[in-house]
Structure formats: structure tokens, C-alpha cells
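These come from Swiss-Prot:
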type	residues	note
SIGNAL	1-19	signal peptide
DISULFID	C42-C56	disulfide bond
DISULFID	C49-C61	disulfide bond
DISULFID	C55-C71	disulfide bond
Amino acid sequence: MNATIFALLLLLNLAMHNAAEQSSETDMDDTLLIPEINRGRCIEEGKWCPKKAPCCGRLECKGPSPKQKKCTRP
């Protein structure tokens with residue numbers, strides 16, 4: 001009885017492992033690069049820059065303290 005349960009669990013584990021490997025294979029055409037994901041949600045020049053969204057274009061998040069950072073030109 002225990003051997004049967006062990007064999008069934010082993011087969012289930014192998015089946016789940018194979019399914020996970022097949023689902024992790026992605027095509028580069030189906031994936032978005034990080035700049036493309038944030039394209040519509042970037043922070044403009046002079047606006048406060050939180051950690052969640054990057055500054056637009058070549059702007060950098062600068063300021064005297066972490067709470068006072070704004071998107072500015074480098």
C-alpha cells in the first residue's frame with residue numbers, strides 16, 4: 001500500500017515538473033522589456049519621483065534627501 005502511494009506521488013511529481021518546464025519556456029516576442037512596460041507611466045521633468053515609476057527619457061531622480069527627489073536633467 002505504501003509503495004503504491006509512493007509510486008503515485010513520484011509520477012505526479014514528474015508530471016508537474018514537466019508541465020512547469022514547458023510553461024516556463026517563453027518567446028522573446030511575447031515578453032515586454034522593462035522600458036516598454038513603464039512607457040505610459042514615467043515621471044516627467046520637475047515632478048516628484050517615487051520608487052514605483054522611473055523618470056521619462058534620460059531624466060534622473062535627484063534631490064537632497066530621499067523624500068525630496070525630483071526628475072531632473074543629468
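Each Cβ is built from the backbone N, Cα and C atoms, and glycine gets one as well.
Taking the features listed in Swiss-Prot, we show where each one sits on the structure.
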| residue | record | Cβ within 10 Å |
| --- | --- | --- |
| C42 | disulfide bond | 16 |
| C49 | disulfide bond | 21 |
| C55 | disulfide bond | 20 |
| C56 | disulfide bond | 16 |
| C61 | disulfide bond | 17 |
| C71 | disulfide bond | 22 |
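Under DSSP, C55 (disulfide bond) is assigned to a strand (E or B) in the three-state scheme. The shortest Cα-Cα distance from C61 (disulfide bond) to any of the disulfide-bonded residues (C42, C55, C71) is found for C71. Nearest Cα neighbour of C71 (disulfide bond) among the listed disulfide-bonded residues (C42, C49, C56): C49. Comparing C56 (disulfide bond) with C49 (disulfide bond), their Cα atoms are 10 Å apart once rounded. Taking only the Cα positions, the spacing between C42 (disulfide bond) and C55 (disulfide bond) is 5 angstrom.
Comparing C55 (disulfide bond) with C49 (disulfide bond), their Cα atoms are 7 Å apart once rounded.
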